[in-house]
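Note sheet for the following structure.
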Amino acid sequence: MDNLLSTEYLNTTEIYDLIQRASAFKNGNAQPGCFEDKFVANLFFENSTRTKSSFLVAEQKLGLKLIDFETSTSSVQKGESLYDTCKTLEQIGANVLVIRHSQTTYYDELKHLNIPIINAGDGSGQHPTQSLLDLMTIYEEYKTFEGLNVLICGDVKNSRVAKSNYQSLTALGAHVMFSSPDEWKDETLEAPYVDIDEVIDRIDIVMLLRVQHERHEDSEVTSFEVSQYHENFGLTQSRYDLLKDRAIIMHPAPVNRGVEIEDTLVEAPKSRIFKQMENGMYIRMAVIDHILQTEGATAK
């Protein structure tokens, strides 16, 4: 693995290897490679709290040097292309680029670069490190993916998390279902759409998605009713009470309390939302460690 662009390019062996590596970092049973002479640049063209901060901590724990880059003060504001920006960073010595961009599959225009790229989210396309940290969180609970019933609820069409998790969970043997308003369904994903109330008592993992108003048409935003959405697709206390004893709740965050999930359930006993955030730092350590070790081995 010399880049991480999409979950569809990861095989199951690579997924398990990354989970095991991240778990070893988390448990103090592994030491990262020696990367004090390596440089990383984080290019975030969309707002981010968890992902950006998580990558920053992961990079610092690995000993990488950070190239200061802020999109608001970069030459992108003067019209420089994404390719030229990344090529510049490659030429001045960056060893890996972490990129979040509003353009889906932005990385297609970077294929001629000779530098590893980690996709931190591309429009409504993919979010591979979020999927990996979700998989790590699930694996900590069940030690398997085979046969698990996963319900992904919400704005499926506009969610890169839904697409990445659908691909990876299906490949690992889980049964994925969606629950979504008609206008937010993604028919390209070959999983059944179900009524949340008809399946809630047999679900192992409830994965809630943020309503992504920033990707909606104006008419969708103005017609959106919080109470109606929460009643039809949100995790309410009554639905929580029907969950299996070992079922867990997940959400990629940021969480809109009272919309996707009842406020009091965000830190309920079955919730793993904040554990996901913790695991994110370790999975990103594992991804960067693996990519740079692969790059080093290739260079020898």
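Just so it is clear, glycine is given a Cβ too, placed from its N, Cα and C backbone atoms.
What Swiss-Prot says about this one:
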BINDING   R50, T51, R100, H127, Q130, A253, P254  carbamoyl phosphate binding site
BINDING   K78, R160, R210  L-aspartate binding site
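Here the features listed in Swiss-Prot are painted onto the structure.
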residue : record                           : CB count, 10 Å
R50     : carbamoyl phosphate binding site : 16
T51     : carbamoyl phosphate binding site : 25
K78     : L-aspartate binding site         : 6
R100    : carbamoyl phosphate binding site : 23
H127    : carbamoyl phosphate binding site : 26
Q130    : carbamoyl phosphate binding site : 24
R160    : L-aspartate binding site         : 24
R210    : L-aspartate binding site         : 18
A253    : carbamoyl phosphate binding site : 19
P254    : carbamoyl phosphate binding site : 11
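Relative to P254 (carbamoyl phosphate binding site), the binding-site residues with Cα atoms inside 10 Å are R210, the candidates having been K78, R160, R210. Spread of the carbamoyl phosphate binding residues is 16 Å (greatest Cα-Cα distance among R50, T51, R100, H127, Q130, A253, P254). Using a 10 Å Cα-Cα cut-off from H127 (carbamoyl phosphate binding site), the binding-site residues that qualify among K78, R160, R210 are R160.
In three-state terms derived from DSSP, R100 (carbamoyl phosphate binding site) belongs to an extended strand segment.
Q130 (carbamoyl phosphate binding site) sits 9 Å from R160 (L-aspartate binding site), taking the C-alpha atoms as the reference points. Note: the Cα of R160 (L-aspartate binding site) and the Cα of R100 (carbamoyl phosphate binding site) are spaced 12 Å from each other. Taking the centre of the Cβ atoms of R50, T51, R100, H127, Q130, A253, P254 as the carbamoyl phosphate site, the nearby residues of that chain (Cβ within 8 Å, site residues left out) are S48, T49, A120, G121, V161, P252, G280. Cα of A253 (carbamoyl phosphate binding site) to Cα of R210 (L-aspartate binding site): a span of 7 Å. Separating the Cα atoms of R100 (carbamoyl phosphate binding site) and K78 (L-aspartate binding site) is a whole-number distance of 19 Å.
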